[in-house]
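Residues or ranges marked as signal peptide by Swiss-Prot on the basis of sequence analysis: 1-24. Feature annotation from Swiss-Prot assigns substrate binding site to THR116, GLN151, ARG252. The site 'Transition state stabilizer' feature in Swiss-Prot is assigned to GLN173. What Swiss-Prot records for ASP174 is active site, proton donor. For ASP195, the entry in Swiss-Prot reads active site, nucleophile, with the evidence type similarity to another entry.
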Amino acid sequence: MGYNYVSLIVTILLVVITSPVVFGNDAAPIPENKGRIEQWFNTNVKQNGRGHFKTITEAINSVRAGNTRRVIIKIGPGVYKEKVTIDRSKPFITLYGHPNAMPVLTFDGTAAQYGTVDSATLIVLSDYFMAVNIILKNSAPMPDGKRKGAQALSMRISGNKAAFYNCKFYGYQDTICDDTGNHFFKDCYIEGTFDFIFGSGRSLYLGTQLNVVGDGIRVITAHAGKSAAEKSGYSFVHCKVTGTGTGIYLGRSWMSHPKVVYAYTDMSSVVNPSGWQENREAGRDKTVFYGEYKCTGTGSHKEKRVKYTQDIDDIEAKYFISLGYIQGSSWLLPPPSF
């Protein structure tokens with residue numbers, strides 16, 4: 001499949017910030033009423049605070065190592081076929097696209113070529129990264145069970161304190177490596193087939209659609225927690241599970257201590273009645289933490305759930321449904337507006 005190359009300007013804006021913090025409320029829970037989310041977010045996330053390039057890579061390369069200023073890279077509409085890495089020495093970078101003409105960053109890297117986690121179209125190693133109105137794709141073909149190393153990531157986020165607003169992620173197996181650090185996803189769309197959100201991150205997904213494609217066994221999360229003391233896990237709040245088939249699992253125990261919670265989430269009939277894939281390793285039914293809280297939809301019915309599903313109560317839920325889960329009030333900024 002060919003690509004239309006669009007020669008468009010990538011613009012850099014420098015925003016001087018004296019401190020990468022915001023003053024919000026870590027304890028305020030996300031409201032159960034979906035219509036009140038924006039009011040909650042705007043109340044609890046408050047902002048304190050040229051050059052022209054033809055590729056995203058050129059723009060990122062122009063940012064000096066050890067940067068201490070928020071750099072906003074405005075990306076024009078079009079398809080950018082690039083494999084982009086943001087080094088850990090370049091924090092405070094924002095990739096910004098127009099919401100009505102979202103740029104597409106795409107590449108076809110696979111595990112066979114690069115190794116699984118390095119196959120990503122976008123690799124972020126730096127802290128304080130932000131992406132707004134960006135489409136990230138891995139255009140490699142869907143794994144067919146025959147080709148070795150067919151996993152293909154759209155993104156790997158390994159930096160701490162990263163935020164994604166109105167972004168779309170397309171892939172099949174291993175779409176997002178939510179690797180390490182605190183992360184926030186809001187109003188995003190994530191598509192995949194198997195383990196398409198995996199890693200050891202500590203992340204809050206708010207108002208995000210999880211769309212599963214293809215037939216056969218499908219699994220959304222493979223959280224890689226390795227001990228009860230590890231401070232990592234995925235919390236999905238006011239999200240939506242959609243897709244095809246009826247074999248979708250909310251998660252599986254890739255490692256010994258996964259921690260995944262779905263709250264106020266709409267689960268369609270595509271979710272397998274058991275909810276979570278049965279553990280293949282002995283004893284993992286005692287070490288996993290799979291929680292569900294006030295979810296809705298045909299796929300949320302509890303009658304046939306695996307016995308180790310946690311039906312968490314109001315007190316337990318507060319831990320997972322506030323910015324405190326990712327310590328967000330100390331670093332989270334709203335998206336820039338132009």
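Glycine too: its Cβ is placed from the backbone N, Cα and C atoms.
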Most isolated by CB count within 10 A, of the active-site residues ASP174, ASP195, is ASP195
Counting across all protein chains, other CB atoms within 10 angstroms of the CB of GLN151 (substrate binding site) number 26
THR116 (substrate binding site) and the residue listed as 'active site, nucleophile', compared by Cα position, are separated in whole Å by 12
ASP195 (active site, nucleophile) sits from GLN173 (site 'Transition state stabilizer') (Cα to Cα, rounded, in Å) at a distance of 6
Out of the recorded positions THR116, GLN173, ARG252, the residue with the smallest number of other Cβ atoms within 10 Å is THR116
Rounded Cα distance in angstrom between GLN151 (substrate binding site) and the residue listed as 'active site, proton donor' is 6
Between the C-alpha atoms of ASP174 (active site, proton donor) and the residue listed as 'active site, nucleophile', the distance in angstrom, to the nearest integer, is 5
